[in-house]
Amino acid sequence: MIDLKLLREDPDAVRRSQQSRGEDPSLVDALLAADAARRAAISTADTLRAEQKSASKSVGAASPEQRPALLARAKELAEQVKAAETAQAEAEAAFTAAHLAISNVVIDGVPAGGEDDFAVLDVVGEPTALENPRDHLELGETLGLIDMARGAKVSGSRFYFLTGKGALLQLGLLQLALRLAVENGFVPMIPPVLVRPEVMAGTGFLGAHAEEVYRIEADDLYLVGTSEVPLAGYHADEILDLSAGPLRYAGWSSCFRREAGSYGKDTRGVIRVHQFDKVEGFVYCTPADAEAEHQRLLGWQREMLARIEVPYRVIDVAAGDLGSSAARKFDCEAWVPTQQTYRELTSTSNCTTFQARRLSTRYRDGGDAKGKPQIAATLNGTLGTTRWLVAILENHQQPDGSVRVPEALVPFVGTELLEPVGPRG
């Protein structure tokens, strides 16, 4: 949820944010009206309750002659209080709905526009030049790493098996990511992948993109599309001690996405699938530290990309391509030779206080146990995921169809070269 203080003091800033996202700025006026109506309803109900309390006391002290009139007035006030409380509840519900409808306020400097309006911040390495490159699926099948056919047989489209060295390659990548995280002060976690609706909603994943989420209807639980969700819920309804600096967690989990809006897109291979594995960094910090922490997350992502030795670029994602919770997002996109373009491997988002306000995650101002609780800031960032196999296989392929294993992953895979295997099974 956005900060109501900002809304009331500078509604134009919120309107500008909505416009830069390509979203309806009139929602800001609807929220202002709902806020005013809610406060008026609360005031009316409070006034009537105070009057009712005073009238009740008067009845007890009244003379027999005065009592009938006072009792009638008390009854009338009771009915008015009941009606006012109903009106207050309705106003509160309307306010909450209006509040939830507005996306996070984007940070100054974020490019306006949609998916293609990003700004390129840096380009690292030259695009890999190959004659007649094989795509990652052809390589994966030839090398005995990926089995899409049996994945589809068992589970349907966009499912797969990672087999043999393919499984070791992914496990090595994620172990490398987790090791990097631990070296930089992250607490490693293996979180639950099923969460309650309030946690999924609190992170902003049940809004416009709710159709992307798998729901277990019988248990009213949701399968997470990223461990950002359970890690954001980890400190819900808590007051944190941030006096020693940010709290950093690294979650390793399977992730599940319906890809409901992706019909016909990336149907080949493991670029866009229903299930994958990921190590996700998640940070709680003070709002004042959030932008610096965002740069740190980006730096750790870049370090991981350097370790897998692929060319990539860093982009500042345009406002219209941000999720509702993000105030700014940087993506690292690796070069994919067979597509002759860059594809996203990592994203890191500064969600400012948006998620923490929904989940009631606060910290003590100044670290003082008696300090006033303030809303914390949250950030997240990918440190490694299944999609990285695409960039590794395609950029490190050799003319004979083998693939060189990046040096950092050799200890995990057990070989420097992935070579074609004969038919099995």
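Keep in mind that glycine also has a Cβ here, set from the backbone N, Cα and C atoms.
Site annotation (Swiss-Prot): ATP is bound by R257, R258, E259, E344, L345, T346, S347, and the candidate from V270, V273 recorded at this site is V273. With T226, S227, E228, T382 listed by Swiss-Prot as binding L-serine, the candidate from E280, E291, E333 annotated for that site turns out to be E280. Ranking the binding-site residues T226, S227, E228, E280, T382 by the distance of their Cα atoms from the Cα of E259 (ATP binding site) places T226 first. Among the binding-site residues R257, R258, L345, T346, S347, the ones whose Cα sits within 10 Å of the Cα of T382 (L-serine binding site) are L345, T346, S347, in sequence order. Compute the center of the Cβ atoms of T226, S227, E228, E280, T382, which mark the site for L-serine; besides them, the chain residues with Cβ within 8 Å of that center are V229, L231, G251, S253, C255, K278, V279, G281, F282, N380, G381.
In sequence order, L305, Y312, C332, E333, A334, T382, T385, R387, W388, A391 are the residues near L345 (ATP binding site), counting only same-chain partners six or more apart with C-beta under 8 A.
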